[in-house]
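*Asks:* Mind looking over this structure? Questions follow.
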Amino acid sequence: MTNTAPRELIRAIEHVPLTWWFLAVGGAWIVSKIIKILQTAYFSPLRKIPGPWYARLTSARLAWASFANNRIYYVQSLHDKYGSIVLIGPEEVDIADPVAAKQIHRMGSGFVKAPFYKLLSPGPVDNIFNFRDAKLHSTRRKLYAKGFTLNSLRQQWEPTIRNIVALTVERIRHDAQQGEAEILGWWTLMANETVCKLTFNGGHDTVRNGTKDPFVLMLERRMGDLAHLLQHFAPPLYYLGRLLGRAVPRLHDVFFSQETMFEAGKHVVAIARSARDAEGDRNLFVKALAAGDLESKIGGLNDTEIITDAGALLLAGSDPTALSLTYLIWCVLNRPKLQAELESEVAGLQGDITDAACADLPILNAVIYESLRLYGPAPGAMPRSPPPDGATLCGYYIPPSAVVVTQNWSLHGSPKVWKDPHTFDHTRWLPGSSLSEEAKISFNPFGQGARQCLGIHLGWMQLRLATALFFRRCPGAKLAPSTTPESMVMIDSFIAGMPKARRCAIQL
């Protein structure tokens, strides 16, 4: 009897329809998910945090807001209703308190970049911007940091940067005199050429020819294609697509975009290596390449890491600069009195316009600060994972399994911190004006702490030079009829804020 029992059980199992097995496994998975959702909603420490009831059960509403490019507005509406800390998903909390935000992002806080940042790598390995491990990030950052200091940029690169900016302004001026100039496109080309030139000595004549470097084109395609998203959100569909892509050319272009990008990126490494020993055109990858050749145990990079970092630097250094300049020009051209004052200020500069001279112009710098406050290029989510023991923020305990988010759209527009927060008022930044301590720690258009933007000084240099040269060479510029308040509404496009129309045109 005992010996036959297992056999009978096996026969019984063999006769169970396959459909039933799928239903059983699927049902068990659904039940486990429901149990986890209910545990999180009703037993997690996060249950005490204010927020809409549905956020305790699902992130669907938040996901829809992200998909619709209006996450910043949705999250802000929750802050307006529930306060400076709000639950936006079952295990996701958004904070609009400047003191808590500083606690999260300061050096040594224990908070690390959330898993979301895996999406921001164009290659198969982590890069300078999405490392979650603080030590790995620090080691990689040291390879590039010296080249991005303000003194280094002014001594080695300012003439090159100024020439690229000046040519861009002339192209804008020419187009504007012929009809209209689409400035977002031109500023993007300017930033592309600058970053390519500094990082790997590439991007030659991008502005002059009006076309992007092939590596930049492939990078943009890679970061925006379906395969990149499926790889992170639906791996089975991604691998199915790669399998089918071997037989279907159209699918091959989509699902093998990473390989195509790396093929285009081979010239990045080749150009960087060729310039390494040259007395003239050096680049920011010189130290990284040298460390790799010496087989250093600390910091040596292989070709894959070089290409991936080049892609990350281009993503972080191109669109943000272009978008910041676009909104700055739009803000000023909407205010004729301010435009006249700024044109007069830059007209008073003697000789060649230098970054140091621009840094001393009060109106120019006040305009840059205020446009970055209202229309900074990164208005959206900056998610972080808490330390292993969790953290207390705004009086609430946040467990290590949660994700804590801050967004500059809320920090830069808080009525508790800023007077008339939604009004463009450059005078708040002029010498003699007094900003509250909360305002000072709230203003972080380039991030803060150890993860502050590596290229912050390069960004500021381009903003200063481009603003000065534009208003010196294009006095009397005005917005084209196609550029309206509606077309310039900022949308939260995944990793950057941009105009709804994705363009901004001016005339002379």
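Glycine too: its Cβ is placed from the backbone N, Cα and C atoms.
Copying in the features that Swiss-Prot gives for the protein in this structure:
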type: BINDING; residues: C453; note: heme binding site
type: CARBOHYD; residues: N192; note: N-linked glycosylation site
type: CARBOHYD; residues: N209; note: N-linked glycosylation site
type: CARBOHYD; residues: N302; note: N-linked glycosylation site
type: CARBOHYD; residues: N408; note: N-linked glycosylation site
type: TRANSMEM; residues: 18-38; note: transmembrane segment
*Asks:* Give the distance between the Cα atoms of N302 (N-linked glycosylation site) and the residue listed as 'heme binding site', rounded to the nearest whole Å.
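*Replies:* N302 (N-linked glycosylation site) to the residue listed as 'heme binding site', Cα-Cα distance: 23 Å.
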*Asks:* Using a 10 Å radius around its CB, how many other CB atoms surround the residue listed as 'heme binding site'?
*Replies:* 19
*Asks:* From the Cα of N192 (N-linked glycosylation site) across to the Cα of N209 (N-linked glycosylation site), what is the distance in angstrom?
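*Replies:* Just about 13 Å between their Cα atoms.
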*Asks:* Return the residues near N192 (N-linked glycosylation site), defined as same-chain residues 6+ apart in sequence whose C-beta is under 8 angstroms from its C-beta, sorted by sequence, else 'none'.
*Replies:* G203, T206, K212, D213, V216, L314, S318
*Asks:* Name the residue among the glycosylation sites N302, N408 whose Cβ has the smallest number of other Cβ atoms within 10 Å.
*Replies:* N302
*Asks:* May I ask for the distance between the residue listed as 'heme binding site' and N408 (N-linked glycosylation site), taken between their Cα atoms and rounded to an integer number of Å?
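*Replies:* Checking the Cα atoms of the residue listed as 'heme binding site' and N408 (N-linked glycosylation site) gives a distance of 14 Å.
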